[in-house]
Amino acid sequence: MNLQFTLASRYLLGRKLRSLLTTLAVIFGVMIIFGMNTILPTMISALQANVQGAEGETDFTIVSKTGSSFPKDTAKSLIEIKGVRAVASSLERTINLPADFVDQDPSRPDQIIAVNLVGLNPEEARTVRAFPTVEGRYLKDTDTSSAVISQTLADAFSVRVGSLIHLPSVSGLTELTVVGLLPAAIGTENEQIFVPLTQAQKMTGEVGKVNTIKVNIEAFASKERRAEIQTNITSAIGANYKVGAMIADDEMFATMEMAKIALNAFGALALFMGGFIIFNTFRTIVAERRRDIGMLRTLGATRRMIIGAILVEGFLLGLLGSLIGLVVGYLMAVAVLAVAQGPLSAFINIKLGWPIIQIPLAVGSVMIGVSVTMLAGLIPAWNASRVTPLEALRPTAAEVEFKNQTGRGFWVGVATITLSLLALLSGQSAFILPGGVIFLVGLMLVAPALVRPFAAFFGRIIARLTVRQGIGGLAEKNLTRQPSRIAVTSSTSLLALATIVAAGGIVFSMKGTLLTMVDNSLGSDFIFLPPSVGLWGSNLGASPLLAETLRKVDGVDTVSTFRFASSQAKGQVVSVLGIQPQDFQKVSGLNFTEGSSAAYQELTTERTLIANSIFMVSTGLGVNDSVELTTPNGPIQYRIAAVASDLLNAKISTIYISQANLQKDFASDQDVFIQLDLRPDADQEVIGAQIKAIGKDYPQFKVISGKDYFNTIESQFEAAFSAVYILFAVLAFPSLIAMLNTMTISVMERTREIGMVRAVGGTRWQIRSMVVTEALLLAAIGAVFGILGGVYLGYMLVTAIEVVFPMGYSFPFLGIVAAVVIALLFGGAAAIIPARKAARMDIIQALRYE
Amino acid sequence: MSIISTQNLTKIFGSGPTAVTALDHVNLTVNAGEFVSIMGPSGCGKSTLLHLIGGLDRPTSGSITLDGISIANMNDDRLTELRRRKIGFVFQFFNLIPVLTAVENAALPITLDGVKPLSAQKQASQWLARFGLADRSSSRPDQLSGGQQQRVAIARALAAEPTLILADEPTGNLDTRSGEEIARLMREVAKKYGRTVVMVTHDPRIAAYSDRIVFLKDGKIVDETTLSRPNSENAAAVAQKIHSIGD
């Protein structure tokens, strides 16, 4: 083994450029996998910290399954349970604070962007956790508008004991007196503001209600005992409640889940391309070391030893690449999180910290990187072991493949492509998705056979351009001497460019559709916008009074609001939005995919709902089916009247019901989003000023004009889509590595031939153009495959997405142009070093080259 | 005592109308400690004969016995082991591994046989010292002259203490002076260190260093000459003979 390590490390060091290029592929793959998977958990944990706040030392936390509040008496029976030591109910709400609310200073980044309002019975709460004040006092049962906050929060607000602070509430700004300070908060959780329960109920409009029960159990309970107590609590409190973790973050996790799948697919694709590159490199390594390998065989090295030596090389390369990949991936995560903080805080009020390093992920990424490298080296290693000792004695000439390329692989590829085309024609989404994958596989299988005709075709074009240089034909022949190697290289370009073209297809199709929807859904004159659009549950709403006040403003024609409740249907979390069908239709409206706007009328007459496509897909229900919704009053049946979406709720499983039904079944009457239209004759400026003045008392909302909002959204789309585009362009990087590798290798292999061409009178410039031409041919072949694959893939993805999100397919002309430009640029770039090397070769030495 | 013995050794490349008979019923015996040169015009089958004796290729028919063991029908693993332990090879193009130092190259066969690298290198460095390369043992092949590289290759061939050394045109890639140096060294290997040496060459001056010269033509042994000791008259006589065979 020692010798294998020596050989492997010396060979790697001996060809530093090649080792670097090959390692790049591994680095890139591991970087994507590790980096992406680091970014996501960091976001999730920031979210958890935001939503959950400090859970403290309580053993169990009980919330309702729908996330809604419940009568305070619910907790009563729990203290009877054996093993339960203390029970305390509280009403807890995250209050998102508008920008500059705390420090009043737009020039400084906000430290506090949300707080947790915790309403509690002071004495009862002390039985489940401690409140060690450092200044002032803890709450008394007789307190009304008192608050206890942490030292840190007091510093942020610049207040002391006895000072007043103001917080947004359902009935406008509420004034609280700070009576005590707790020690400075540790960690990244939201700051908590403790107030008497009645005060919190008033501020959130939930009189007589709580939403959290904390339970402490006997000390030193064993794991089994804890489980037993948990079971007893669960059966005592009933099926509508959840014991243990909080549910409030489920909405967000649903959104994150989609991102996670997409990112992992991305990483897998990157590593897959890395595998191709490594495979190609090792194949070449074996080819150029035939003599060394033959020599080792002559001296008595067994086949196993040869395989071992190549695999050790793969191992070292993989390990090195993976370790560097970890570091680069971490740095990428730091950078992405820093960049994402800005746009993200516009939508969701969360603060991202430093990336969280997960040891299992790091180990896993290294293992994946190393195994992909070794796996890619396996076939070349096996081939190396078949090298006969006689190879050591034969003068080697660059290898040429003359074998017929239309073998079994080709026909399997043709069959695969036919199948995938049939899948597309079927129009069935169940067939279309796998169809895209097998289409790419099919392309890769037929690629070796197509290399010659493609090269001949492009070669003819190039030969015409370079007729006087007499090297176009030579370049084409050089390229086609190893069709399978070119095919492997092209497959890498294929995947990269196909992704770009497909992404183009989706981006263009989606952008057009989304902007139309923005105009439809948010075409109102003014909007009261909460901090978190879409994640309604984390917003503090306003009492119906605000909407009433707005309706009374002279010149206001219609006011439409969203009210929110969380529910579950078929075990899935669903966002329930209460609308007033008449007003909603006038101001904005839904895009119907099944049924029609007649469904609005049905909402008011019975328990019916309009669902969005995500809800339909996740529950598997159809129009006119009945569905059981979890409510604070137990399960209630609703009928699905139609399928429709609006932009704000496009990402999340959502149903729309009437506000009357929402009040009746979910006991929710807070407005979380308000839109209003003015009369046509109204003066926008004057009335706008009046509306904004009313909004001042409700700082949880931002009051903007619909047109401004449309522009904001449009620029956010532009930013998001260009980020997506950059991400996919980065994915094209492995194809550059692959082409560079292939070109370097092919020049190296042909050293003697190049020497010969020079000896018989070829100029340096001719040699250089020959190599560049070869690289451009290589790139062109990759581009053709990539565009074919990408157009199919893009069409397929749009069709698949259409199932949950209505959008039309637009042909990705720009994506294709981008792919061609990238391919040719990369081809040219890949040729620079090898072409210079070839042109500068010493003729005598090249002729002697072994 | 014979170390090599071939009976009706035949090698045919290709089949049908394009078949080429490289060796045609060759019977050759080489005794222990003997230094034998094989000469003949290009394409006469010299190298093929050497490859077959060394277990690098398999005969079409006939048999080869090495140190009393028949190798014609051995499987790959056993042949590999035989090469590692019993045979040392010297090539025209040296075939040193470019990324290993002189001593690491020389130690390769013993390292491949499972000896710890350090003790393998100790053993190999003795051979390097005997061939005057003690101070170059940590140089890489590209830092050595052709003659030095070939001496490293001969040290490598001897490192595993094989009984038989097979050399294919070992001076073919060297200038005259270095070539003669290597030829003297090959003789020393046979005479001083007691190995059996079979060398393919087309250079009469080099062949003149051996004990016996076997002349091959069209795959057949056509003549043999036994020499007393190396001198310039021998070389002239050998040149005469090879000319008469038809170079």
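Using the three backbone atoms N, Cα and C, a Cβ is placed for every residue, glycine included.
Curation does not apply to TrEMBL; its annotations are automatic.
Annotation comment: TrEMBL describes A:19-218 (among others) as domain 'MacB-like periplasmic core'.
Distant neighbours of the transmembrane segment (A:20-40): 256, 259-260, 263-264, 266-268, 270-271, 273-274, 277-278, 281, 317-318, 320-322, 324-326, 328-330, 332-333, 336-337, 340, 355-358, 361-362, 365-366, 368-369, 372-373, 733-734, 737-738, 740-741, 744; these residues of the same chain sit at least 6 beyond its ends, with a Cβ under 8 Å from one of its Cβ atoms. Look at TrEMBL and you will find A:20-40 (among others) tagged as transmembrane segment.
The annotation transmembrane segment is assigned in TrEMBL to A:261-286 (among others).
Residues or ranges marked as domain 'ABC3 transporter permease C-terminal' in TrEMBL: A:265-389 (among others). Note: the domain 'ABC3 transporter permease C-terminal' (A:265-389) comprises 106 helix, 0 strand, 19 coil (DSSP; helix = H, G, I, strand = E, B).
The transmembrane segment feature in TrEMBL is assigned to A:307-340 (among others). Residues 1, 3-5, 7-9, 11-12, 19, 22-35, 38-39, 42-43, 278, 282, 285-286, 296, 352, 354-355, 357, 362, 365-366, 368-374, 376-378, 380-382, 384-385 of the same chain lie 6+ residues outside the transmembrane segment (A:307-340) yet bring a C-beta within less than 8 angstroms of a C-beta in it.
Per TrEMBL, the feature transmembrane segment maps to A:352-379 (among others).
Remote same-chain residues near the transmembrane segment (A:409-425) are listed as 431-432, 434-436, 438-439, 441-449, 792, 795-796, 799 (criterion: CB distance under 8 Å, separation of at least six residues from the stretch ends). According to TrEMBL, the feature transmembrane segment maps to A:409-425 (among others).
The transmembrane segment annotation in TrEMBL covers A:431-451 (among others). Residues 405-406, 409-410, 412-417, 419-424, 479-480, 483-484, 486-487, 490-491, 494-495, 498, 781, 785, 788-789, 792-793, 796-797, 799-800 of the same chain lie 6+ residues outside the transmembrane segment (A:431-451) yet bring a C-beta within less than 8 angstroms of a C-beta in it.
Here TrEMBL flags A:486-508 (among others) as transmembrane segment.
Per TrEMBL, domain 'MacB-like periplasmic core' is recorded for A:492-693 (among others).
Marked as transmembrane segment by TrEMBL: A:719-740 (among others).
The domain 'ABC3 transporter permease C-terminal' annotation in TrEMBL covers A:726-842 (among others).
The annotation transmembrane segment is assigned in TrEMBL to A:775-797 (among others). For the transmembrane segment (A:775-797), the list of distant contacts is 420, 424, 432-433, 435-436, 439-440, 443, 447, 450-451, 454-455, 458-459, 462, 475-476, 479, 486, 489-506, 735, 739, 742-743, 809, 811-812, 815-816, 819-820, 823-824, 826-828, 830-831, 834-835: same-chain residues at least six beyond its ends, Cβ to Cβ under 8 Å.
Sequence-remote contacts of a segment are chain residues at least 6 beyond its ends whose Cβ falls under 8 Å from one of its Cβ atoms, and for the transmembrane segment (A:809-833) they are 17, 493, 497, 500-505, 507-509, 512, 729, 732, 735-736, 739-740, 742-744, 771-772, 774-776, 778-780, 782-783, 786-787, 790-791, 794-795, 798-799. Feature annotation from TrEMBL assigns transmembrane segment to A:809-833 (among others).
Within the domain 'ABC3 transporter permease C-terminal' (A:726-842), the DSSP-based counts of helix, strand and coil residues read 98 helix, 0 strand, 19 coil.
Taken together, the residues of the domain 'ABC3 transporter permease C-terminal' (A:265-389) have an average pLDDT of 81.
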